[in-house]
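As recorded in Swiss-Prot, the features of this protein are as follows:
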- 1-18: signal peptide (SIGNAL)
- 21-141: domain 'Ig-like V-type' (DOMAIN)
- 40-176: disulfide bond (DISULFID)
- 45-108: disulfide bond (DISULFID)
- 46: N-linked glycosylation site (CARBOHYD)
- 126: N-acetylneuraminate binding site (BINDING)
- 167: N-linked glycosylation site (CARBOHYD)
- 170-219: disulfide bond (DISULFID)
- 197: N-linked glycosylation site (CARBOHYD)
- 216: N-linked glycosylation site (CARBOHYD)
- 227: N-linked glycosylation site (CARBOHYD)
- 237: N-linked glycosylation site (CARBOHYD)
- 244: N-linked glycosylation site (CARBOHYD)
- 262: N-linked glycosylation site (CARBOHYD)
- 278-323: disulfide bond (DISULFID)
- 287: N-linked glycosylation site (CARBOHYD)
- 294: N-linked glycosylation site (CARBOHYD)
- 375-467: topological domain 'Cytoplasmic' (TOPO_DOM)
- 453-458: motif 'SLAM-like motif' (MOTIF)
């Protein structure tokens, strides 16, 4: 019986020696591995082997595995990864390539970290145990390195509220245990922030304002091992209450618009139509509604709640129209008064305006002319008054007795000196005299003649000569 077992064992060894090495030494590994630059990858691998001779190895012999890059000189120990403590990997791959599997358990899995573009190439596995040394050249692994396209992830609340602080987290879910942690940086258009970095993530605290709505915020991650960077950009949605509520008015078919303020008053002519557009700045958009006095109005178009079209039939009574903007964070309203006026009223108002303007202009012109005349008169010097004798100026004597004629002889009293002749070069002027008669005495009924003669006083008022 013992002899039979020995014969079977010898026959089995001879059978193994005669087999194809590919049937004795097998390896299962991915033939092509694609990985992005700066990242890491785990390549699963397992192998099998058999004894060719009884003296190849013993159960106590350790099992060593080696990963080589094709084209390297194995005689110079150019190993990329091994579990043999005596032999070390080359400097370029040290602390980046690891034989993660246990060859004792037929595990040859390879772990690669911080992959660089120059790592691309062909790799094969080598087994050493006792006298058995075998290179699995039939089962090579091709490593392809591409550009880094992975981006970080940003976690944030669905909506940010203006004036309230919020936390945002930037992380790299493809973290695979780098020798140095990644470097995080934040950039934003106008937002102010404070960040706190941890291994594999960064927490950002921001207090957004309404002007930050719609702006970009970027988280950038730099991998120190390869110095490659990747970034993620988001658009901020900041919730804020309504502001800058305005009403734009279009009169009739006119394309010219007018922006009205709260409390504005607008006269409306007879037969006129209006289009009122209410708008505000808020996020999410505020609910807009119109009311007339205390009556809520239906919007002209459901798709445009801020649009209100008013036709002459609506405007004949006028009134106060109010636009209300309602929002979860606050509300605003704006009111305007529409005053209908007939065409006659408008014409009278315009005529009154024109007449008033004309009268004002005429009064102003009259005052200006008068001031100019007075100013011109004051500038000319006054000439001395000269009286020229009138050709009909005679010595006159008036008798108190009407029955007695006046005598015009040389014995009469001379005229006052004011009647003296003026120089011939002076222009002749007209003088006026005032005749004053004394109270007449009663007539002598007895025919006696009064020997006393009464004369009248002739007064010439002195006139200033015209220049």
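Glycine too: its Cβ is placed from the backbone N, Cα and C atoms.
Structure with Swiss-Prot features highlighted.
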{"residue": "40", "record": "disulfide bond", "DSSP class": "coil"}
{"residue": "45", "record": "disulfide bond", "DSSP class": "strand"}
{"residue": "167", "record": "N-linked glycosylation site", "DSSP class": "strand"}
{"residue": "176", "record": "disulfide bond", "DSSP class": "coil"}
{"residue": "216", "record": "N-linked glycosylation site", "DSSP class": "strand"}
{"residue": "262", "record": "N-linked glycosylation site", "DSSP class": "coil"}
{"residue": "287", "record": "N-linked glycosylation site", "DSSP class": "strand"}
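Distance from the CA of residue 46 (N-linked glycosylation site) to the CA of residue 219 (disulfide bond) is 40 Å.
For residue 176 (disulfide bond), the nearest neighbour among the listed recorded positions (46, 170, 216, 244, 294), judged by C-alpha distance, is 170.
Under 8 Å, Cβ to Cβ, and six or more positions away along its own chain, residue 197 (N-linked glycosylation site) finds 183, 184, 203. For residue 244 (N-linked glycosylation site), the nearest neighbour among the listed recorded positions (108, 167, 170, 287, 294), judged by C-alpha distance, is 287. With residue 227 (N-linked glycosylation site) as the anchor, the candidate recorded positions are 45, 216, 262, 278, 287, and the one with the nearest CA is 216. Its Cβ taken as reference, residue 108 (disulfide bond) is surrounded by 27 other Cβ atoms within 10 Å in the chains shown. Here is what falls inside 10 Å of the CA of residue 108 (disulfide bond) among the recorded positions 40, 46, 167, 278, 287: 46. With DSSP classes pooled into helix, strand and coil, the tally for the domain 'Ig-like V-type' (21-141) is 13 helix, 48 strand, 60 coil. Residue 126 (N-acetylneuraminate binding site) has a Cβ environment of 18 other Cβ atoms inside 10 Å. Using Cα positions, the member of the recorded positions 45, 237, 278 nearest to residue 262 (N-linked glycosylation site) is identified as 278. Cα to Cα, residue 167 (N-linked glycosylation site) and residue 237 (N-linked glycosylation site) are separated by 14 Å. When the Cα of residue 278 (disulfide bond) is compared against those of the glycosylation sites 46, 216, 287, the shortest separation belongs to 287.
Among the recorded positions 46, 126, 216, 323, the residue whose Cα lies closest in space to that of residue 170 (disulfide bond) is 216. The Cβ of residue 278 (disulfide bond) has 25 other Cβ atoms within 10 Å, all protein chains considered. By the criterion of other Cβ atoms within 10 Å of the residue's own Cβ, the least surrounded of the disulfide-bonded residues 45, 170, 176 is 176.
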